[in-house]
Amino acid sequence: MVEDGGEEEAEGESGEMPAAAAPLQRCNGFLPGKEAAAPAGGGEQPAPAAPEAEAMLAAPCERPETRLETRLSRRRLAVLAVFSCYSLVNAFQWIQYSILSNVFAGFYGVSFTEIDWLSMVYMVAYVPLILPATWLLDARGLRLTALLGSGLNALGAWLKCGSLAPQRYPLTLTAQAVCAVAQVFILGLPSRIASVWFGPTEVSTACAVAVLGNQLGTAIGFLLPPVLVPNTPNDIDLMAHNISIMFYGTAIVSTLLFFLTGVVFEEKPKYPPSHSQAVLQTKPPEDYSYKQSIINLLKNIPFILLLISYGIMTGAFYSVSTLLNQMIVTHYEGEEVNAGRIGLTLVVAGMVGSIICGLWLDYTKTYKETTFIVYILSFIGLLVFTFTLDLGYLIVVFVTGGVLGFFMTGYLPLGFEFAVEITYPEPEGTSSGLLNASAQIFGIVFTLVQGKLTTDYSPRAGNLFLCAWIFVGSILTALIKSDLRRHSVNSGIMNLDVKPVPVDSPVEPESTTLKIQSTL
């Protein structure tokens with residue numbers, strides 16, 4: 001199997017082969033590469049494939065040995081850009097209420113707790129809906145899932161435009177709930193888009209960029225709403241006008257991105273971008289079972305360890321972000337504005353960390369080592385942040401908060417990509433969805449417990465609670481076996497048996513093993 005990743009093909013082109021090449025047959029709708037040529041001069045022949053593999057290859061393609069062609073599509077950059085943009089808007093809509101909690105509490109005449117629920121609904125909605133959402137991604141595909149995510153995001157934004165009057169809190173809560181459902185169809189896509197559209201030397205960077213869009217939305221959510229909606233408690237009409245500018249602007253941008261999603265997104269490129277994707281595309285659709293895929297993941301001990309450790313780290317990050325204002329104001333009274341700036345610093349530093357970690361993984365492929373080091377550095381960063389928070393110097397908090405965000409947020413694409421590696425050939429959306437569900441559950445628990453400790457004792461007590469859990473997560477990360485299955489297929493350093501998931505039916509096929517012999 002040879003990779004032609006350096007040759008990009010514009011969408012719609014026929015993809016010409018070298019003149020000497022015979023016309024290629026399609027295998028399950030995908031063009032395989034040229035047949036492996038026998039060595040000249042009667043040299044040693046490659047070992048024949050197992051009878052089961054020959055039967056599986058010969059059935060769809062009528063040839064026992066096939067090398068699948070791989071290419072990179074120019075469209076992949078547009079797909080990544082559009083996804084990152086509507087993920088950005090979804091994250092912006094999540095944080096736009098919390099950063100203006102006093103403004104919206106006065107506007108709608110509700111308590112701060114009710115305003116907090118406008119953010120909490122994102123976490124609450126994710127947990128019960130993630131399994132149906134990942135089933136939809138695996139069964140109906142990337143394009144439909146992307147359209148649902150961007151479409152619901154736009155619908156929620158337009159519903160908010162109808163809540164521009166006091167006493168309409170129930171409507172704005174309903175609109176935010178719609179945006180929360182949209183998030184379920186967004187958070188699990190970065191690793192899926194990266195794997196389906198990008199080559200092996202850029203897949204981790206692509207995943208990091210996709211995650212970056214969501215982080216950038218949070219950063220803009222810290223900055224833009226206070227500028228657009230200043231607090232004018234004595235002029236409710238002016239407040240409603242300012243809120244309308246934010247709501248209508250968000251709705252228009254969301255709608256534009258929905259139409260762009262329909263134009264740009266396709267299920268997959270014309271040619272697979274990597275050997276690992278080429279292998280997966282040879283499997284007939286009837287060999288896939290979502291139920292069996294979930295069972296396989298839950299039986300995968302390295303993935304279970306990563307599932308727990310990822311939930312701990314990301315849940316701790318959610319908790320710190322949610323309670324940051326309370327921690328800062330406890331030690332620096334009247335510094336609400338700087339608390340928001342520290343949150344912005346944490347998010348922006350995390351964006352840089354995500355990109356650097358993605359580039360590092362593409363260059364080194366040291367998934368476990370990098371994940372473990374970042375985990376340890378996050379633990380140290382939180383300890384330093386905890387014990388310097390009450391020194392009385394805000395500049396120190398800015399620095400330690402930035403360092404903490406760099407490593408904690410930089411861990412996000414690491415977890416996604418490590419999960420795809422150790423669970424290949426299981427669908428990327430399923431593993432990513434379970435990781436996000438774990439993060440939401442830990443995030444809710446950590447936020448409630450840390451908030452209680454911070455209120456009853458001190459911010460230090462709450463942060464030390466998180467430190468203890470992150471230490472446990474670092475131990476679990478050290479125990480993960482680094483079995484880089486996808487990388488092995490892409491690099492061709494070994495023969496890999498890829499076993500399609502058997503369908504739950506009374507009749508089992510004799511064997512569903514497909515052996516890919518890489519010849520690099």
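Cβ coordinates come from backbone N, Cα and C, glycine included.
A quick note: this is a predicted structure, and the numbers were derived from the prediction, not measured.
The compositional bias 'Low complexity' annotation in TrEMBL covers 32-52.
Taking the domain 'Major facilitator superfamily (MFS) profile' (79-485) as a whole, pLDDT averages 85 in the prediction. Look at TrEMBL and you will find 79-485 tagged as domain 'Major facilitator superfamily (MFS) profile'.
The feature region 'Disordered' is assigned by TrEMBL to 30-52.
Among the features that TrEMBL reports, transmembrane segment is placed at 77-97 (among others).
According to TrEMBL, the transmembrane segment annotation covers 117-137 (among others).
Away from its own ends, the transmembrane segment (144-165) comes close to residues 83, 86, 89-90, 93, 133, 136-137, 171-172, 174-179, 181-186, 189, 240, 243-244, 247-248, 250-251, 254-255, 257-258, 261-262, 265, 429 of its chain (Cβ-Cβ under 8 Å, at least six residues beyond either end). As annotated by TrEMBL, transmembrane segment applies to 144-165 (among others).
Positions annotated as transmembrane segment by TrEMBL: 171-191 (among others).
TrEMBL lists 203-225 (among others) with the feature transmembrane segment.
Counting only same-chain residues 6+ beyond the ends of the transmembrane segment (245-265), those with a CB under 8 A from a CB of the stretch are 75, 78-79, 82-83, 85-86, 89, 92-93, 96, 142-143, 146-147, 150-151, 153-154, 157-158, 160-161, 163-164, 224-225, 228-229. Per TrEMBL, transmembrane segment is recorded for 245-265 (among others).
Annotated transmembrane segment per TrEMBL: 301-320 (among others), in sequence order. Here the transmembrane segment (301-320) has Cβ contacts under 8 Å with residues 123, 346, 375, 378, 382, 404, 408-409, 411-412, 415, 418-419, 422-423, 431, 434-435, 438-447, 450-451, 463, 466, 469-470, 472-474, 476-477, 479-483 of the same chain, all six or more residues outside its ends.
Feature annotation from TrEMBL assigns transmembrane segment to 340-360 (among others).
Under 8 Å from some Cβ of the transmembrane segment (372-389) lie the Cβ atoms of residues 309, 313, 316, 320, 327, 331, 357, 396-397, 400-401, 403-404, 406-408, 410-411, 414, 459-460, 463-464, 466-467, 470-471, 473-474, 477-478, all in the same chain and six or more residues away from its ends. According to TrEMBL, the feature transmembrane segment maps to 372-389 (among others).
The transmembrane segment annotation in TrEMBL covers 395-420 (among others).
Feature annotation from TrEMBL assigns transmembrane segment to 432-449 (among others). Through the fold, the transmembrane segment (432-449) approaches residues 120, 123-124, 126-127, 130-131, 133-134, 137, 187-192, 297, 306-308, 310-312, 314-316, 318-319, 322-323, 415-416, 419-420, 462, 465-466, 469 of its own chain, all at least 6 residues removed from its boundaries and within a Cβ separation under 8 Å.
Sequence-distant contacts of the transmembrane segment (461-480) (same chain, six or more residues past either end, CB-CB distance under 8 Å): 302, 305-306, 308-309, 312-313, 316, 319-320, 323, 327, 368, 371-372, 375-376, 378-379, 382-383, 385-386, 389, 418, 422, 446, 449-451, 453-454. Here TrEMBL flags 461-480 (among others) as transmembrane segment.
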